[in-house]
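> I'd like to ask some things about the structure below.
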Amino acid sequence: MAESDWDTVTVLRKKGPSAAQAKSKQAVAAAQRRGEELETSKKWAAGQNKQHLVTKNTAKLDRETEELHHSRVPLEVGKVIQQGRQNQGLTQKDLATKINEKPQIIADYECGKAIPNNQVMGKIERAIGMKLRGKDIGLPLEAVPKKK
């Protein structure tokens, strides 16, 4: 019995809180009350299914310098849209409703502020019955059979 050491004490404790419990609002509030240091980090786009990659070209286009800029709809095309719309007795809102777009898009196309989108241009062409693309801008839209 001489080998037993009566001064040694072994203390058994519970495990600390799990990671989920440590991150809960209650645990954070309790740690703040105790005056402990907390480390917080904001995760960018956490929980979203989106990946926005910004490239150098995108940033340059956003600044829009003279040598690198978005191409806009020519004013000639805007005038043709306006003329075709008025020939059919449509307002900008009526035309927008007819092609399932917002009225602001029609306004942007007519004043030359819009960045051309072939789908929207095709819808407008069919609605007003005039060509807006190619070398025949302003001519009536004709159904040309496709060559095989």
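Each Cβ is built from the backbone N, Cα and C atoms, and glycine gets one as well.
Note that TrEMBL annotation is computational and uncurated.
According to TrEMBL, the protein carries these features:
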REGION    1-53  region 'Disordered'
COMPBIAS  18-32  compositional bias 'Low complexity'
COMPBIAS  33-42  compositional bias 'Basic and acidic residues'
DOMAIN    81-135  domain 'HTH cro/C1-type'
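How buried are the listed features, and what sits near them?
Counting same-chain residues at least six beyond the ends of the compositional bias 'Low complexity' (18-32), those with a Cβ under 8 angstroms from any Cβ of the stretch are 38.
Mapped onto DSSP classes, the compositional bias 'Basic and acidic residues' (33-42) shows 2 helix, 0 strand, 8 coil.
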> Could you give me three numbers for the domain 'HTH cro/C1-type' (81-135), the DSSP helix, strand and coil residue counts?
34 helix, 1 strand, 20 coil
